[in-house]
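S.K.: Next up is a structure, given as structure tokens.
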Amino acid sequence: MDIAAALKGYSQATRQIQIDTAMSGAFAVERFHGREAMDESFRFEIDVLSSTPFLDLNPLLGTAIRLRLATGAGERCWNGYVVRAAYSDSDGEITRYRLTMASWLELLRLRRNCLYFVGLDTEGICERVFGDYPEAHRRYELKEPLRTFDLRGQYRETDFDFVMRQLSEAGLSFRIEHAQDAGEKPSGNHTVVVFDRRAEPPKGSTVAYNRQDVGDPDGVMTYFTTRHQLVPDRVTAASWKASNLVALAGHAQGEADRDAPAMPAREVLDAQRAGRFETSDQAQRYASQRLDALRLSKRIHYGAGSSRTLEIGKVHTLTGYPDGTVSFVPLTLEHEAVNNLGADIAQLLEHGELEQGLYRNRFAAVPPGVPIVPPHRDRPVVQGVQTAIVVGEPSNRVSSTRDHQVRVQFPWMRGTAPLPGGLTDTASRSNPQGHAPGDHRSGVVARIAEQAAGPNFGHSFTPRIGAEVVVGFDSGNIDMPVVLGQLYGGRVQPPFAAGEGSSANHAGVLTGMQTQTLDGTAGSRWVMDDASGQLRHELGNSVANSRLAQGYLIDQQGAVRGAYRGEGFDLATEGWGVVRAGEGVLVSGTARTEAASTQMDLGESVAQLKQAVKTAQGLDEAAARATAGRLTANAAQADFLKAIDPAQDGKYTGAVNGQSATKPAAGGQGGSGDPVERFAVPAVVLESPQNVVMSTGNSAVSYAEKHVHLTAQGDAHLAAGATVAGASGDAASVYAAAGGIKAVAGHGPVSVEAHASSMQILADQSVRITSSDDRIDVLAKDAIVLQQGPSRITLKGADILVETPGSFAVKAGAHPFMGPGAQSPVLPALPIPVPLALYDEQLRFVNADGVPLSKVAYQLKLADGTTASGVTDDAGKTERVASASPLGILSALLTPTQMVDCCGRTSGTPPAPVEVKIKGVQTNQFQLGESEKSVEVDAHERVLTAGEIEMARTVFKEGIDYDKVRVHKGSYFWFNLQNKNTAVTPNGKMYFLDDLYVDDFSAMNGPNIWKRSLFMHEMTHVWQYQLGYAVRWHALTVTIRGQSAYEYTVAPGAVFHDYNMEQQGNLVADYYAVQVLKAPFAVFHRGYVGTPFELDHVLAPLLEDPKNADNLPK
């Protein structure tokens, strides 16, 4: 028989199954088997016949193919692509081939990729993948919101597996719809429809039920049943969120069936990894979706028949069923069909069924309304660790986040700036720029693991940009990289490199850390030297070459161990050095063998100080008997001894932090019962068994607010190469118990003066005044009296009066009488103390409203050319200016004390002094010690307007005493030293410069409406001040950070008191602009603002209770 003629004897139109391929007319369909399913790519195995043996099937691969099945209304089409073509068998006349048709999704199985997706939701991720496939027709029917992911990684996954996993995690299913086209050439056109559980399924066909196939052109359903299955009834999903240190959980509970027996809970706990959810809502949605997926198989319909109109994912209706009309949504559908090729072909192939043709199907379905959610798919696990390079801002050396994270780039990442040797060709049309930007735009943000980490404690290691790091993955998740450490190698050498190939003079005995400044120079160093017999521990810093070294001291340069420098410890710096201890400091040169004592053991010092107290008390008693000045500081010396003597107050009196404060017994076993020493007062003690030396090449200063007590068991010597000067504010007394007192001037006079009272030279025995080389002059302004017993000689004016009850005799070899003479003595001028001044005056600097200029440095220019300087007190007053005669005060140079205040100027170059002219003011005798003159400086202030009060009440309600608020026009800093375009509110009053000040801020509209927001910012500081917040003081620590102090981010869960004083001002100003004015363009300080709802949440505690001080910055 002519087989070719037999095949050509029937046209396609006469056959129930037809096929269209790129090789038109080459094949006739013998039979096919196909499977369609929800969340699957369909696949049809088609056996075709041809009269041509050994066809070249390669041109068919990847081309469009269309399979058509005859129906009562015409035909039904399946469109796809040839993914496999193979020779099957041949009898010499007819050759059988098998063609495999599948969806364009099958093409996704052929590409395996490593790629990061940044800032996309599930739809955006799928679109990025599908964009590389021109054949990908798709549509989305989504009702629930999708989560946007910071980072989503595809690592060594096929595109198909990656997309299926993303859809599964998002709870999204898909079905495939075929275009029912009738073109001459196959188009392969079919659409993947992605939908969620809330989407409404489309309506399908109506199918008749009959136990036998009655020959209906559209077929009938001959079998239909329902299977019920026990499934989980509860899902709990939990995940740790490291950024908030909180576990997020969601719970979903299925409804119990009516009349169901009592059964134990069938819970599925899903808590396999961290970082899965950002919010509790996401956890709840995931748990609900997971439960829907598990309960999908609770009630399944199974059916079979010859219906040719069934489609996946559509609602079909079954009529004529004994239980009534039934609706169902097919989840899986398998087709089997045999073509009607005629009796001749059936006879040749010995298949009688080929004469009449055959079509059968079977399916599984769920009732309508059951949420269709795909089953969970496990993500692939990344094995081991990888290396990466830290990336960031090109101009920076360090780029990290507040939560100790850095951006990294892996060697396998392709893009515009891959790592050296990497690939720039991304092989992607949808994302040609790739995911390797090489800088701060990298979306791979990795946490940094530390050996210890906690709230404000732990280690801190921040890799620099360009550093090679070791990266692990939390739970093997490619989306959660963690930096585990940093690597040396190549151009990155260890700081203490030793061993083979190094220049070090040791085998590697140095352990520690070397930091580096951002400009690449050496920073800080910590070294432990383990050389045998030369152990050393050193902390160093390149700033001022500061270091603390302990043990065997050497000079170390880099990794080279240098010359010997000594043993012990060495604390050195080329800058300033400070030792501070709030409880006291002991510096001792007395050794303790094997450190067998306690920290503040100063037994030797106590013994020496006891002897000093005894010596001082003995000398004090001797001075008292001699009516010399008493050693009144002895009491303070004894008090000091009491404070450090463990036999008195210098000890612990009880347990310390739960531990007994007693000294160890000899041999270190148990306690001796003696209390541990401590200072009862914060004292500084220097002690040495030999000598204590204080030396300087310049000057030394010692000051005591109360007493200076010097006691020496032996001699005390005070020597000066130039002048020794001593001054006492009260009295001075010098007493020598034995040995006498000498005042000797080798060159120059000896002068003893009494300015305000009499001078007495007393002796129990004789007084001898001798001039060996010249004369003795006794001078007095009024009189000179020499008296012995009842006799005296008085020299007064021009008179000499000799008085005696006994005889008066003048004996001399000659009696020359000289004529009278006189000479005025020249005495040195003495300072005039204020209490003794004849003229004085005091100035008080104020503004026009009477507000004092406090803490202002001044220098007064006086009429005699001299000056008087100081700083005004809180009332704006100067020190009193005193003179012996009226003295004019001509002008003042005023310099405000430099400070930092809210919203204003910060520390910088000190301000230049400003000269203020003073007229008609001089020292006078009116109210000596009490008079004052006010010097006025221009200023202006006003109360709040009614409109401004209403503005403030929209936020602060009655939380502010509005009667106390004042608005100043002009600088808060005197003489307009306030920065331009600023306002400050340091003391409950607002100060606006002229360019910002208006008479009524509530009247600002149009282009000046932003001034309302500025006013609300400053009113926030008024509210803070009136609730007791130290606005001026906190501004020192806040505004020193510059503009960043004002910027804020609305963080999840944050409320008003979580922000600093300036951020609170911006939040109030932005809330007023957005929520009250409904004018977002009026926002004055443009920080980050999310939605108005976020501002409502942050300000909620303030709006609820403005008088609550808990709303102040924490």
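For all residues, glycine too, the Cβ spot is worked out from N, Cα and C.
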S.K.: Give the range, chosen from 175-194, 655-674, that TrEMBL lists as region 'Disordered'.
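M.R.: In TrEMBL, residues 655-674 carry the label region 'Disordered'.
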S.K.: When DSSP states are grouped into helix, strand and coil, how many residues of the domain 'Putative type VI secretion system Rhs element associated Vgr' (517-623) land in each?
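M.R.: Here the numbers are 27 helix, 44 strand, 36 coil.
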S.K.: Could you give me three numbers for the domain 'Gp5/Type VI secretion system Vgr protein OB-fold' (445-488), the DSSP helix, strand and coil residue counts?
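M.R.: DSSP classes over the domain 'Gp5/Type VI secretion system Vgr protein OB-fold' (445-488) add up to 3 helix, 20 strand, 21 coil.
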S.K.: For the domain 'Putative type VI secretion system Rhs element associated Vgr' (517-623), report the average pLDDT of the model, please.
M.R.: 84
S.K.: For the region 'Disordered' (414-441), could you work out the same-chain residues 6 or more beyond its ends whose Cβ comes under 8 Å from its Cβ atoms?
M.R.: 115-118, 127-132, 389, 391-394, 399, 407
S.K.: Do any residues of this chain, six or more beyond the ends of the domain 'Gp5/Type VI secretion system Vgr protein OB-fold' (445-488), have a C-beta under 8 angstroms from a C-beta of it, and if so which?
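M.R.: Apart from its flanks, the domain 'Gp5/Type VI secretion system Vgr protein OB-fold' (445-488) reaches 149-155, 242, 272-275, 379-383, 385-393, 396-401, 403-408, 410, 494, 516.
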